[in-house]
Each structure stands twice: as structure tokens, then as C-alpha cells.
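Enquirer: What Swiss-Prot lists as substrate binding site is Met35, Arg77, Leu115, Glu156.
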Amino acid sequence: MSHPALTQLRALRYFKEIPALDSRLLDWLLLEDSMTKRFEQEGKRVSVTLLREAFVGPHEVAEEVALLPVESRYWLREILLCADGEPWLAGRTVVPESTLCGPELALQNLGKTPLGRYLFTSSTLTRDFIEIGRDAALWGRRSRLRLSGKPLMLTELFLPASPLY
């Protein structure tokens, strides 16, 4: 059974262009650096609650597949990023199987390590785009990232306790 925050994350609807929003809100939504690091800058101890890690078929990641290479399997990781034990962010990472070679194979073994701790230590990380999304009162974003030119999708939903609000 899926966590309610993941249901909300999948319900995000994305803006075609960056909306006119308060600068503080945009600062969070368009952050290029690690969200883990940003939460730690708020003086919090960051931890991961792992909800799901598994290979899945394209039908389970249909929205992300539209922005990734078509493959038969994708590595799916769904988490809650918590600050002092309180969920601040729901995250969903979709990685094409072809991305999981060489150093990027480590993406399968993150366990309770925040994704940002891995991604933002890589000198090969690039970001193709950030799209801002909203579902009811909650804000989120998604990005296509590349490690050594190999793509993955990261979707993040800011939960009500997050300092974004």
C-alpha cells in the first residue's frame, strides 16, 4: 500500500513556465543544491524513511518514463526525508536500468542514505531542468538529473511541516 504523501506526490501538476511566486518560495523550489543540505542548514538532523526500493516496469513510472529513455526496467526509490524525525519531504527517484552501471550502480544501494549525499558529491552531476508542481496546498518539483551523462528523474513533494510553508 502506498504512503499518502506518495499519492499526493504523484498528483502534482506541473507548470509549463516558472510561476510568479514569493521569492522565498521560489528559493526553495528552484534550489540547485542538495535539499538534504538545505534542511541541515535549518539546524535539523536529517534522516530517511525508506518506503520502497525495487525494480519496476514502465507502467509503474509512466509519468517519469515520458522524460527518460524507454526501457523494460527502472529502479524506483520512494522515501520520506525527515528533519528531527518529522517528515518534511516525500521523494521519488526513477532510474533507467541502463544508468545503473559503473559508479552509478551505487544508486541501488543507498538504503537510508539521502540521495543528495550521493548526488551532490559527484563531479559528473548535471541538471537538465526543474519543473515546479502543485497539488492543492502542497508544492513540489521534479528534475531530470544526469550522472556522467546518464539520466534519472527526481520528484520531491514538500510536506506541510517543511519550512517552505
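Including glycine, each Cβ sits where the backbone N, Cα and C put it.
Source: prediction; values computed, not measured.
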Enquirer: Which residues, in sequence order, are found in the same chain with Cβ within 8 Å of the centroid defined by the Cβ atoms of Met35, Arg77, Leu115, Glu156 at the substrate site, excluding those residues themselves?
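Expert: So the extra residues in range turn out to be Thr36, Ile79, Leu81, Leu89, Gly91, Arg92, Thr93, Pro114, Gly116, Leu154.
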Enquirer: Measure from the Cβ of Met35 (substrate binding site) and count the other Cβ atoms within 10 Å, all protein chains considered.
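Expert: Counting Cβ neighbours of Met35 (substrate binding site) within 10 Å gives 23.
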Enquirer: May I ask you to report the DSSP-based helix, strand or coil state of Leu115 (substrate binding site)?
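Expert: It is helical.
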Enquirer: Just to be sure I understand the packing, how many Cβ atoms besides its own are within 10 Å of the Cβ of Leu115 (substrate binding site)?
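Expert: I get 22 for this one.
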Enquirer: By a simple count, how many Cβ atoms lie within 10 Å of the Cβ of Glu156 (substrate binding site), its own Cβ left out?
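Expert: The answer is 27.
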Enquirer: What three-state class does DSSP give Glu156 (substrate binding site)?
Expert: strand
